[in-house]
Each structure stands twice: as structure tokens, then as C-alpha cells.
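Below is one structure, written out as C-alpha cells, with a few remarks after it.
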Amino acid sequence: MTISPPEKEQKKEPVLDKPIETDAIPVDFSKLDKPGFWSKSLAKGPKTTTWIWNLHADAHDFDTHVGDLQETSRKVFSAHFGHLAVIFIWMSAAFFHGARFSNYSGWLSDPTHVKPGAQVVWPIVGQEMLNADLGGNYHGIQITSGIFQMWRGWGITNETELMALAIGALLMAAIMLHGGIYHYHKAAPKLDWFRNLESMLNHHIAGLVGLGSIAWAGHCIHIGAPTAALMDAIDAGKPLIIDGIPIASIADMPLPHELCNPAIASQIFPGLAGRTVENFFTTNWWAFSDFLTFKGGLNPVTGSLWMTDISHHHLAFGVLAVLGGHLYRTMFGIGHSLKEILDNHAGDPILFPAPNGHKGIYEFLANSWHAQLGLNLAMIGSLSIIISHHMYAMPPYPYLSIDYPTVLGLFTHHMWIGGLFIVGAAAHAGIAMIRDYDPAVHIDNVLDRILKARDALISHLNWACMFLGFHSFGLYIHNDVMRALGRPADMFSDTGIQLQPVFAQWIQNIHNSAAGSTTLAGANVSLQPGLVSEVFNGSVSQVGGKIGIAPIPLGTADFMIHHIHAFTIHVTLLILLKGVLFARSSRLIPDKANLGFRFPCDGPGRGGTCQVSSWDHVFLGLFWMYNGLSVVIFHFSWKMQSDVWGLTGGNFAQSSITINGWLRDFLWAQSSQVLTSYGQPISMYGLMFLGAHFVWAFSLMFLFSGRGYWQELFESIIWAHNKLNLAPTIQPRALSITQGRAVGAAHFLLGGIATTWAFFHARLIGLG
């Protein structure tokens with residue numbers, strides 16, 4: 001289809017005059033009886049089986065529906081409320097399971113021996129065997145989501161509070177659903193309201209993030225930290241005394257509203273003695289130093305960050321966000337204008353010689369929600385990957401670090417989410433280039449210059465990928481050959497030819513060299529090793545006889561696998577970036593923009609033109625993202641088991657330096673738990689391991705065969721049906737080339753992820 005550049009916008013009325021339109025679109029339930037009502041062709045109903053696939057492909061592609069950018073913006077905004085409603089329902093279900101079916105109280109009373117469980121299998125056909133003995137007279141399925149540890153950090157001490165949260169979350173879901181209906185049908189914002197970016201930043205940064213963080217700091221200060229102090233004292237065997245009564249068990253704990261009483265709170269933290277407002281406004285802030293701390297390191301009782309440090313963090317971050325949210329010019333005529341910043345930002349004339357700098361970028365971002373989404377997905381995806389590292393290096397929740405399946409699960413989860421978001425960023429960047437990019441607006445600005453330099457960028461990136469791939473894989477092949485020939489001295493290893501990661505070791509040692517003391521905001525702060533994280537040459541954090549986190553030594557094996565990471569990341573980037581930079585045109589297909597975001601081929605000429613669409617680059621990028629992150633999570637799993645948790649006898653340094661070592665000592669040796677799981681409570685992971693392998697193998701049927709093969713087969717099957725007068729009214733059609741690839745990629749990823757899920761869980765739950 002032909003995509004026209006967006007029309008130049010007309011001079012708009014001041015945004016604050018009337019930002020919403022009342023009763024814009026009346027509620028029409030009759031549409032629910034018409035699948036595909038947004039499209040003239042789909043609304044006619046199915047003539048072939050292709051209809052159902054097009055229905056799924058286009059249901060959320062609001063750009064292609066009847067309507068303009070304002071209508072699209074309203075639909076997206078309304079969908080946000082629907083999304084929040086689904087999240088609240090999901091949270092309510094978690095709270096309800098915790099309240100009704102879990103051993104939360106039992107786990108709270110003995111978190112180092114009792115394992116978390118929140119689901120009990122009913123004995124219908126004998127599957128009650130799945131209910132493992134988790135300790136504390138509870139039999140159920142062990143959970144690895146980390147919610148018990150998180151609830152303990154929040155200050156939840158009984159199931160009644162969880163039930164209240166479950167009901168509250170359902171009420172919030174109802175409010176969110178109503179919000180989605182209200183802001184689409186009753187009070188729909190105008191396009192100018194959506195384009196008022198400075199006000200949006202003010203609302204999001206100062207309001208949602210800043211005030212939200214300060215509000216959460218308030219909860220941490222008044223509920224979370226006092227509860228943590230009392231619970232930690234119980235777990236340490238040194239109960240605190242409130243009003244002359246020792247708080248020796250959960251049953252003795254004050255109720256949350258009682259902790260807000262200064263008379264009780266001050267017995268835990270004297271700074272909460274009731275003069276907090278006076279101390280705040282007289283700047284006597286040192287009075288708060290008992291519940292707003294800067295201790296660093298981990299709480300030795302729980303193996304997690306100090307709750308008082310977390311309170312301090314959220315307060316400080318919230319204040320910064322409130323200030324940052326007011327940097328932009330809204331109704332008062334002061335502050336920054338994003339358009340002025342971008343239009344005036346030219347950059348260094350030698351390094352960045354684009355004559356028009358960032359002119360036109362503001363208009364692109366203010367009119368293309370795909371461009372906005374691309375940027376936001378790239379940033380939040382990267383943030384998710386950063387979070388995956390923080391969760392083990394600086395465990396935020398009590399007793400999280402000694403729950404190994406949960407630590408591995410959280411790392412893996414945040415890695416997958418980050419990877420999917422980053423690929424999604426490339427997808428929406430490609431859509432933005434095709435649907436929203438107007439070449440006339442971008443003449444010799446940074447975006448235009450990057451597009452003009454795309455051949456240099458892609459060819460150099462291709463060289464980097466080849467260099468990294470051949471060299472890093474070559475190190476492994478060399479080691480396999482040397483080990484096969486019995487020549488260990490000629491291997492790249494810590495005991496042979498060393499390839500030490502000197503830069504990474506230097507970063508780890510920075511924290512040691514900074515040890516001593518310094519003055520921070522007038523207070524003397526000790527900078528001991530492990531102040532930031534124990535992984536940086538700190539000390540071993542042990543809780544209940546289990547290692548939570550410890551210094552992580554880096555050597556030749558890490559140097560080698562990190563260069564495999566570099567290789568897979570660069571190849572993923574190469575594919576995704578090529579899909580964006582060549583989304584509109586290429587030497588092979590100069591008019592690519594006219595073909596749209598997804599198309600299978602551009603005809604049989606030129607020696608073949610398939611898999612060149614921006615969508616196909618996302619398709620290929622997903623496989624490399626999966627490939628790269630599989631290596632990352634395998635590396636993390638083995639490294640932690642070997643060098644931190646002490647489960648595999650420290651074999652990572654010598655075994656992971658060969659391909660054979662990865663196959664034999666990681667995949668094969670560690671799959672013994674899942675392969676021998678039958679007859680045990682973890683047997684569902686054995687079934688899942690098999691089933692997910694099947695789903696993965698099923699994907700190959702879609703990926704390895706072309707559409708024509710299946711259409712030929714269908715013709716024969718339809719002929720047979722016609723002979724028997726059983727011809728269907730809706731004509732069967734083979735999946736289109738693009739649809740087949742989408743189904744194949746989905747099953748490949750889901751099968752692979754679920755296989756890994758079963759492998760990891762069975763391994764660490766099976767080891768106990």
C-alpha cells in the first residue's frame with residue numbers, strides 16, 4: 001500500500017482552552033457482534049481462513065483503522081487503562097492466592113527452612129504428588145516469583161492483609177476499566193492535549209514518578225522499615241520490646257495502623273517521635289538519620305538491602321524527580337521548551353557536521369507515537385536488563401538471595417523482557433520510518449545524516465560482528481582441539497595461556513581502593529569493600545547456612561563468554577538497525593516505503609527480493625535476541641552455581657572454556673534433575689520439558705517449509721472433501737508467508753523459553 005507523508009499541521013488553538021471533547025464517541029455495543037468492524041474488508045466476514053489471521057494481525061494496528069491520529073491517540077490512551085485493569089486483576093489473583101492457599105505465615109516464621117508455596121493441587125487423577133513438603137506442615141507447589149520476599153519487604157505480616165490487598169486491587173481494576181471507557185466515550189482528550197509534551201513530562205516525571213516515589217518512601221518509613229526492624233529482631237533471636245512487651249513472634253506484631261502511632265514507632269526509630277514536621281521545617285534533618293540511613297551493604301540477618309537505605313533512596317529519588325519534572329515550560333512561560341532545545345542543538349561541527357542539527361526532530365517525535373514508543377522501549381528494555389543484574393548483586397527483598405530458583409528466575413525473566421522490548425523498539429522505529437517519516441522535514445539534520453551514512457554504519461557493524469564471531473568462537477574451538485589432543489598447557493585458561501579480563505577486574509577493584517572513610521553531606525561515612533555490592537570484592541553474605549551473594553571472581557572463562565555476548569549482541573543490533581535504516585529504501589528496492597512495514601517479497605526479479613521488509617528484520621532479530629540471551633542466562637546460571645552458591649564445585653573456570661564443556665558439564669550434567677523428575681513433586685517440569693521441546697520442534701514446520709507446499713496440499717484435501725460433498729463454506733487457505741513466519745517465530749520462542757524454564761526450575765528445586 002502507498003503511504004503518504006503526514007499533512008503539515010494547521011495552526012492549533014491554545015491547548016488549555018478546551019483540552020477534551022465531551023461525548024465524543026457514544027458507546028455502541030452492536031459493534032461487539034461484528035468482528036473486524038474497524039475495517040471495511042474484514043467487516044464483510046470470512047470468505048477464506050485468511051480472514052481470522054488478518055483479524056488478529058490488524059486488531060491493534062490502530063493506524064490502519066478508520067480515523068486519524070487523534071482517534072488513534074484516544075484508543076491508545078484508553079487501552080492504557082485497560083492494561084492497568086488487567087495488571088490489577090493479575091495482582092489481585094496473586095494476593096488472593098497468598099491469602100487463601102499459601103504458607104505465607106509459616107514462611108515468615110522460618111524463612112530459612114520453609115519454602116514459599118501458594119498453590120495446592122487438588123487430588124483429581126492422582127496429581128497431588130506435585131504437592132511437595134515445603135516445611136512447616138505445608139504441602140504445595142513451590143513458587144519462585146519472589147512475592148513472599150517482596151511482601152515481607154512491604155511489611156505484610158498476615159494473610160488478612162493480603163486478602164484486603166486482593167479486594168483493593170479488584171476495586172482498582174474496576175476504576176481503571178471505568179477510566180478507559182470514560183476517557184474514550186465521555187471525555188476524550190484532543191490531539192493537542194496529547195501533543196503537549198512539556199505538560200506530559202511534568203505530569204509523568206514530577207507527578208507519577210516523583211510523588212509516587214515519595215509516597216512509597218512514606219510507606220517504607222512508616223510501615224516497611226519498622227516492620228522489618230521488628231521481624232529482623234525476631235529472626236535474629238533478639239526481639240525488640242514495645243510498651244514493655246517483647247515482640248517475639250508474628251502474633252505479637254503491632255498492626256500497620258498502630259505503627260503510625262508516634263508513641264509506638266518511636267520505640268523502634270526515635271526519629272519518629274512525633275516532631276517530624278517540626279524537624280523537617282527547621283531543617284533538623286539529622287533527627288531522621290535512624291530511619292533514613294546510608295549504611296550500604298546487606299543486612300546480615302536477611303541478606304538484603306537495609307530497609308532504611310531503601311526508604312532513603314525512594315525519598316531522595318522522589319525529590320529529584322519532582323524537581324526534574326518542573327524543568328519544562330508549561331503554563332507559566334518559564335523553563336525549557338523541547339522544541340527550542342532540539343532546534344538549537346547542532347552538535348560539534350567536526351564530529352557531528354549535520355548543518356541543521358536536530359531541526360525537525362521535535363516535529364517527528366510530537367507526531368509519531370511509533371517513534372516515541374521506539375525510544376521508550378529501547379530505554380525500558382535496557383533498564384530491565386540492568387535490573388536483572390541488580391536483583392542478585394544488590395538483593396532488595398529479605399531472604400531473596402538464598403532462594404536460588406527465585407534469583408535465577410528473576411534474572412532470566414528480566415533478561416527476556418529486556419530483549420523483547422529492545423526488539424520491539426526496532427519494530428516501532430521501522431514503522432515510524434515508513435508511516436511517519438517525511439523526508440522534506442529532515443534535510444541535513446542528524447536523522448537524515450545517519451540515513452545517508454547507513455552503508456558505512458552497517459558495513460562496519462558487519463565487520464565487527466565477523467571479527468567478534470570468528471575470534472571468540474575460535475578461542476573455544478582452539479581449546480576443544482587442545483583438550484582433545486591432551487595439551488592443557490596450550491589452552492586458553494587460568495592455568496594455561498591466560499586471557500584475564502583486566503578492565504573488568506579493575507572496575508571490581510575500584511571499590512577496594514576506595515576503602516576508608518569520607519564525609520558525605522556532613523556525615524562520616526565508612527567506605528568498606530562491598531558498600532555498593534558484595535560482588536565487587538566484598539565479603540560473603542551468608543544467611544541460614546546458605547550463601548546469598550559473594551565476591552564474583554572473573555577469569556579467562558568469563559573473558560571468553562563475554563566476547564560471545566558481545567558477538568550475539570552486535571549481530572542482533574546489526575539485524576535490527578539494518579531493518580530501521582533500510583525501512584524506506586535500499587539499493588535492491590528503492591521504493592520500499594510504498595510496500596509498507598510487512599511484505600513477503602517484491603517479486604521474483606533481481607535474483608530474489610524476499611525477507612527485506614522491516615517486519616522481516618524484526619523476525620530475524622527475535623531469533624538472535626533469543627540466541628544471545630540464552631547464552632547470557634546459561635552463563636549466569638552456571639557461574640552462580642559454580643562460583644557463588646557452591647553447587648558444582650567451582651567447575652566453571654575449567655569446564656566452560658570448551659564447547660564440549662558447555663554440552664557435557666552444563667546442559668547434560670545439569671539436566672539430570674529434569675530428566676529424572678518422574679515420581680517426584682518436580683515431575684511437572686519433566687512433562688513441561690518434553691512438551692516445550694515439542695512446541696519448539698513444531699515451529700520448524702512453519703519455518704522450514706514455504707507457503708506453496710501447504711497450498712498444494714490443501715488443494716488435494718479440498719478436492720477430497722468436494723468428492724464427498726463436505727466442502728466448507730469458508731475456503732481453507734494456507735498461511736501467508738508472513739503469517740507462517742510469525743507463527744513459527746512465536747512457537748520457536750515460546751517452546752525455547754518454556755524448555756529453559758523447566759530446565760532451570762527442576763535443577764535448582766530438585767537440588768533443594
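Start at 1 and count along the chain as shown; that gives each residue its number.
Positions of Cβ are set from backbone N, Cα and C atoms, glycine also.
As annotated in Swiss-Prot, transmembrane segment covers the listed stretch 310-328 rather than the other ranges in 310-328, 652-670.
Across the fold, the C-alpha of Cys610 ([4Fe-4S] cluster binding site) and the C-alpha of Tyr709 (divinyl chlorophyll a binding site) stand 17 Å from each other. Residues 153, 197-199, 201-207, 209-217, 220-221, 224-225, 291-294, 335-338, 396 of the same chain, all 6+ positions outside the transmembrane segment (310-328), place their C-beta atoms under 8 angstroms from a C-beta of that stretch. Taking the Cα of His693 (divinylchlorophyll a' binding site) as the reference point, the closest of the binding-site residues Cys601, Met701, Tyr709, Trp710 is Met701. Cα of Cys601 ([4Fe-4S] cluster binding site) to Cα of Met701 (divinyl chlorophyll a binding site): a span of 21 Å.
Counting in whole angstrom, Met701 (divinyl chlorophyll a binding site) lies 11 from Trp710 (phylloquinone binding site) by their C-alpha atoms. Sequence-distant contacts of the transmembrane segment (369-392) (same chain, at least 6 residues past either end, Cβ-Cβ under 8 Å): 69, 72-73, 76, 400-401, 407, 410-415, 417-422, 424-429, 431-432, 435-436, 549, 640. Here the transmembrane segment (162-185) has long-range neighbours at 23-27, 74-75, 77-82, 84-86, 88-89, 91-93, 95-96, 98-100, 104, 151, 156, meaning same-chain residues at least 6 beyond its ends whose C-beta is under 8 angstroms from one of its own. Counted within 10 Å of its Cβ, the other Cβ atoms near Tyr709 (divinyl chlorophyll a binding site) come to 11, all protein chains included.
In sequence order, Ala734, Leu735, Gly740 constitute the residues six or more apart from Trp710 (phylloquinone binding site) in its chain with CB-CB distances below 8 Å.
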